[in-house]
Amino acid sequence: MLRCLPTRHVALRLPSPALVSRFHTTPRASTAAPSGAETSSPANPIKNVVVYGSGLMGSGIVQVAAQHQYQVTMVDLGADHLKKGQGYIEASLKRVARKKFADSDAQQKAFVEDTLSRIQLSTDPEAAATTADLIVEAIVENINTKRSLFSSLDQVAPKHAIFTSNTSSLPISELASATKRQDRFAGLHFFNPVPQMKLVEVVSTAEVNPTVINDLTQFCLSLKKAPVNCKDTPGFIVNRLLVPYLMEAVRLVERGEATPKDVDTAMKLGAGYPMGPFELLDYIGLDTCKFILDGWYKEGKGLAGDKLVRPSERLNELVAKGDLGRKSGKGFYSY
Ligand SMILES: NC(=O)c1ccc[n+]([C@@H]2O[C@H](COP(=O)([O-])OP(=O)(O)OC[C@H]3O[C@@H](n4cnc5c(N)ncnc54)[C@H](O)[C@@H]3O)[C@@H](O)[C@H]2O)c1
């Protein structure tokens, strides 16, 4: 079971006896350095990680950090949200445990319990930030909501704490400018599903101190991820190349030149891609793709008005109908 922060920090108590019995009664600022981090950087300044958002991405980041010995706090708006995130983490950890310790139920159980023991839950964003060495924001993709969160955390987080955002489409420098620590603010872009995807894009603004980028790169390595460095441009590396490719596939189908199924088969068998573009669009969510595309077409730096990212009637129709892909049961395919 996941633990809640001491009551003097937050008010959240989930109604599980096991959870309550695991309440910490002392602050944990003095926790030992994570072992995963020790192997990659003896001077790793990151011990306590606070993740905002317990959705798809936030819960994955929490899980992976806890698996690699970090003390992690997962913050969300309410107990219901946290419970959902907790559910994702427990299910995913059990899958990892079954793979890692296929022959031993006891080892599986110990692995899951040990990892969960490093995770605390909070509905108090500011209290959670007070012991953070690293803040990872993975909340809703809305610039005003994110700026307002960062601005309030900036008042209470330790001066040394590094602030990061997992945003896929918002400029990191605009988020950083909501704080007075632009030199300690960067992008940390994980991929979905976080436990499986190796890549993390570490995104630099013009203001960030290079030692922060170095610390974040070491942090990613300690999670057994593969970090790449990139400047603060729309889509960073992966989405900048991927979104135009996906939209080119949609336009090909819009023109009636091939079916989604044939395009997917062609790209899997002809280009060696593990998923076809329509399978991937449905997996990502058509609303998410539309949100990114529209944002870039309207005001993406170097992309605004570019026909590479122009709106698509077909995509707009599907989103308007609520056919958003796998998550709604229907997109380009039915599930
Ligand atoms: N979904 C993806 O494939 C993906 C991939 C990479 C990056 N991202 C980025 O990660 C971020 C989160 O995406 P997601 O798919 O996990 O979203 P999600 O909707 O699954 O989860 C967002 C969570 O944030 C919580 N939240 C909202 N406002 C909050 C606040 N002020 N404080 C604390 N929690 C708050 C919500 O309650 C929700 O639980 C977005 O910035 C997105 O661009 C998403």
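Glycine residues also receive a Cβ, built from the backbone N, Cα and C atoms like all the rest.
Feature list (source: TrEMBL):
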BINDING   G53, S54, G55, L56, M57, G58, D76, E141, K146, S168, N192, K327  NAD(+) binding site
BINDING   S92, K99, S168  CoA binding site
COMPBIAS  25-43  compositional bias 'Polar residues'
DOMAIN    48-233  domain '3-hydroxyacyl-CoA dehydrogenase NAD binding'
DOMAIN    235-335  domain '3-hydroxyacyl-CoA dehydrogenase C-terminal'
REGION    25-44  region 'Disordered'
SITE      H189  site 'Important for catalytic activity'
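The structure, with features from TrEMBL marked on it.
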residue : record              : Cβ contacts under 8 Å, 6 or more apart
G53     : NAD(+) binding site : V75, D76, E137, A138, I139, V140, N166
G55     : NAD(+) binding site : H81, K84, G85, A138, I139
M57     : NAD(+) binding site : A138, N166, F190, N192, V194
S92     : CoA binding site    : S59, G60, Q63, P193, P195
K99     : CoA binding site    : none
K146    : NAD(+) binding site : E137, I139, V140, S165, T167, L170, L175, A178
S168    : CoA binding site    : E141, H189, G235, N239, T288, I292
Contacting binding-site residues for ligand 1, chosen from G53, S92, K99, K146 when the Cβ sits under 6 angstroms of any of its atoms: G53
Residue counts (helix, strand, coil, in that order) that DSSP gives for the domain '3-hydroxyacyl-CoA dehydrogenase C-terminal' (235-335): 66 helix, 3 strand, 32 coil
Longest CA-CA distance among G53, S54, G55, L56, M57, G58, D76, E141, K146, S168, N192, K327, per record bound to NAD(+), angstrom: 24
G53 (NAD(+) binding site) - helix vs strand vs coil (DSSP): coil
Cβ packing number for H189 (site 'Important for catalytic activity'), 10 Å threshold: 25
Local Cβ density at N192 (NAD(+) binding site) - other Cβ atoms counted within 10 Å: 15
Site extent for CoA, whole Å (max Cα pair distance, S92, K99, S168): 30
Reported mean pLDDT - the domain '3-hydroxyacyl-CoA dehydrogenase NAD binding' (48-233): 97
Cβ neighbours of D76 (NAD(+) binding site) where a neighbour is any other Cβ within 10 Å: 26
